[in-house]
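Beneath this line is the structure, given in structure tokens, with notes to follow.
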Amino acid sequence: KSAPTMITLEIEPSFLAIGPYHLACGMNNHVWFYDLGRSLNDSPLLLGDREYMSEIKEVSLSSEYCAVLCGGQIMLHPIESSNETTLNREPKIFPDEIRGMAESVITCLALTNDFLCFATDLGNIVHFSLE
């Protein structure tokens, strides 16, 4: 059994998200991203930070993507922009990416390595493939 790893932050985070290889923490409209490494012996590495358009309600991480719920919308973007598989992938804003849903307000989300799912204030559940 390995010893716990401690990451010293410059803020007192109000939310955390963990994925297979990354950790995100933040407050208000700001998120800091850490690479946790590929083995238990790797030390966490600060990848950078990002500001969003409004206060963040929820963050979810997959192995490659981050989904951030703020202002009733989701911004889906690669965690690491230098990663070859995600290098040319532009961020997507939901519900704008889906025809006929521009007036919807997103209330919650779930993210896996293959799918983004979210629910709206109009009672819709949307299931989106990341492929």
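A Cβ is built for glycine as well, from the same backbone N, Cα and C atoms used for every other residue.
Features reported for this protein in TrEMBL:
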- 4-131: domain 'WDR19 WD40 repeat' (DOMAIN)
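Residue counts for the domain 'WDR19 WD40 repeat' (4-131) under DSSP (helix as H, G, I; strand as E, B; rest coil) come to 0 helix, 61 strand, 67 coil. Within the model, the domain 'WDR19 WD40 repeat' (4-131) carries an average pLDDT of 91.
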